[in-house]
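Undergrad: Annotated S-adenosyl-L-methionine binding site per TrEMBL: B:Ser114, B:Gly115, B:Ser116, B:Leu117, B:Glu135, B:Asp181, in sequence order.
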Amino acid sequence: MEESAKPGLRIREGDCAVLKRDEVFKAVLVLRRRKVIFEKQWFYLDNAIGHIYGTTFEVSSGGSLQPKKKMEETTTETKEAGTDNRNIVDDGKSQKLTHDDIKALKDKGIKGQEIVQQLIENSTTFRGKTEFAQDKYIKKKKKKYEAVITIVKPSTRILSTMYYAREPGKINHLRYDTLAQMLTLGNIRAGNKMIVMETCAGLVLGAIMERMGGYGSVIQMYPGGGPVRAATSCFGFPESFFNTLYEFPLSKVDSLVSGTFSSETLPSEPEYNVPAEEESNGSLDEKQTLIQETEEESSTEAVMESNETEEQETMDLAAEDTEYKGSKEKGNKENIREKQRKQQERRRKLVETAALLEEKNADGLIVASRFHPTPLLLSLLEFVAPSRPFVVYCQYKEPLLECYTKLREKGGVINLKLSETWLRNYQVLPDRSHPKLMMSGGGGYLLSGITVTAEKVQSDASSLEAQKIEEPTSKKRKLQELHC
Amino acid sequence: MSFVEYGDTIKDGDTAIVFLGHESMFPVKVQHGSKTQTKYGVIRHSTDLIGKRYGSKVTCSKGGWVFILHPTPELWTMNLPHRTQILYSTDISLITMMLELKPGSIVCESGTGSGSLSHAIIRTVAPTGHLYTVEFHQQRAEKAKEEFQEHKVEHLVTVKNQDVCKNGFGVSNVADAVFLDIPSPWEAIGHAKSALKIEGGRICSFSPCIEQVQRTCLAMEEHGFTEINTLEILLRVYNVRTISLQIPDLGKAAEDNSSTGFDSSSQSNQGSLYGILQQGAAQFKSGVPLKEMVGHTGYLTFATKSLF
């Protein structure tokens, strides 16, 4: 079979890859001799390097990965089975193998498939189960003992599903289908000039960048000292994608809108706005902590962010320290010059970004943050051209109700829509198809609309607008329904 | 303007969207000398549209006004002429993300239908990707080709008039993703697999009936697809309304001094809960669901083709 040398096809050292086992995902950095823990298993990724993404592995003794060949499922001849469960008593004693027996099998290096077979043979109730119940039993045991890991390439689909399952607190409980709606409603595509304001660990930014394919430009607005882009680095974008990624501090937005912007005072924690390779260093740390962390409340999130910047700072300082190991004197002078150069570069970039914003011709605005959406929208919409879509995500509905009202008052927007999506998974098996038991309770809310030329005149225009959107007549309602 | 790129001003030959008000809009082909009738009067293309900025307000002959919007696939989906039942943006959004579409993706689709999903795919894979779309109905295939030309996206799409179940997509091992919205998708799974790249890709089948889904899942499994997953997505829209609920009159207690509950004199206690506008009513903002909503459109089944 031809082995294509296409970039991105094979797992390389330094890649951000996603480990997958059934429905569970976890992002890891592919590094040699680095122990990885995933689903109660410890292993090294060394053997995975060079394989094609999508390869499935088994963890063998010693923690090394062995590629698993797709084996033919042993044909199940019509086995003995029961008709229903009226005689099956669950006394916890139907499995004759003890915990220790199973452990002994595992220690002997017996393959998972064999262990499952042993469990079936030593179960007193197995023969009495219905075929469906036997099927379910085998699936359950396989899931537990046939530990198979697939290494997949990151994408918006995979990362948004992973974050929602593992760390929803970091992404304001933005469910992946809601993110999908945002990307489409916002008409995110190659060539756009997008303004993004998100506090979702950079996941929304990454999703937007993926859909833009490196074409066009993105200006990321950020609170505090600098943008968090931990998730963005997981996507594995080529360097060139970051050439048209800009950032701008929220703390300067007011001055920009009012025309009093000055680049003299930069936000604190200057180490944050750094070129790509240092950024990836910081996010390396981020990713390791990503592996350990559990869900957090938004209050601790703020603490988290400042911790991250400190981490990054110590990392960068350490890098700078090792760089200038030469004589102390020389080291200090160069250090200072280096710092000055960096500051000037940052200032230059800030002015450049401010100019981009001041053109007021952005092709769209996406907001998904832990902040109240209203002030963000009212100010950031100033930078968007007319007849362009905008989408705001909020974990809660009420702030969007207020946002809607304020936008109506302000004018300059039409087609406002407040919505949420409802997602349901299905089990599809012959004679056993039904929706799955567990459903996501909620995935957040979206407010979307389209900008129009802002009006100077106002009371009659806004009242006319209000007239047009008030309680629709019954005829219009019918039209609404048809249009889904 | 283009369906794959923004333009600032309205030009002759553009497709623009005329917005009259809440959920009321229609597409218009901009042409020198043309006139468009609206309930607010006439719009004269040469004077009212051409050269104006997209997003502008245009006053019609009778005095009423409209907004002229730049087309997007989403606006097109809401306004296109239906030749078949179409896919709406809610399903389209999920399909786009779950198939991992992005600039450069090669996509195969059948049936083309009214081109709703096609326009959205073209927008996402531009400028370097391509859509191969197959439609077995001759007139619909023709109309789709015409529309893609009118919308200046014909370089990004190839329309084939054939039966995908018998003859496949007409391409082999080139697609990153395949989408099926046909009556018998299980008959096209084999063709879908061969259209997908050797190293793998994603597939999606959309079917209204669960029986179709069952057959399709089985076919996918038999052909070695993995990660088979069926789901459905519904959109819930809320209308933002200021609601005023009357405060019930529970009468007055016998003694003068007592004042409890909803007695008007002690409304200040309740007042902190709601903004009390007038005597006896509490006002608040609410997101009110529509009386009736679109429930089920279809089941979406996704799967992965991989080498393993």
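Here the Cβ of each residue, glycine as well, is placed from N, Cα and C on the backbone.
Automated prediction, rather than curation, is the source of TrEMBL annotations.
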Undergrad: If you count other CB atoms within 10 A of each CB, which of B:Glu135, B:Asp181 wins among these binding-site residues?
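TA: Neighbour-count leader: B:Glu135.
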Undergrad: According to DSSP, folded down to helix, strand and coil, what is B:Ser116 (S-adenosyl-L-methionine binding site)?
TA: helix
Undergrad: Let me know the most crowded of the binding-site residues, choosing from B:Ser114, B:Ser116 and counting other Cβ atoms within 10 Å.
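TA: Per the Cβ count within 10 Å, the most buried is B:Ser116.
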Undergrad: Centre the Cβ atoms of B:Ser114, B:Gly115, B:Ser116, B:Leu117, B:Glu135, B:Asp181, go out 8 Å, and tell me which other residues of that chain have a Cβ in range of the S-adenosyl-L-methionine site.
TA: B:Thr84, B:Ile86, B:Leu87, B:Glu109, B:Gly111, B:Thr112, B:Gly113, B:Ser118, B:Thr133, B:Ala144
Undergrad: Report the same-chain neighbours of B:Leu117 (S-adenosyl-L-methionine binding site): residues 6+ apart in sequence with Cβ closer than 8 Å to its Cβ, ordered by sequence.
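TA: Listed in sequence order: B:Ile86, B:Leu87, B:Ile92, B:Ile95, B:Glu109, B:Phe179, B:Asp181.
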Undergrad: Could you tally the C-beta atoms, other than its own, that fall within 10 angstroms of the C-beta of B:Gly115 (S-adenosyl-L-methionine binding site)?
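TA: The answer is 30 other Cβ atoms.
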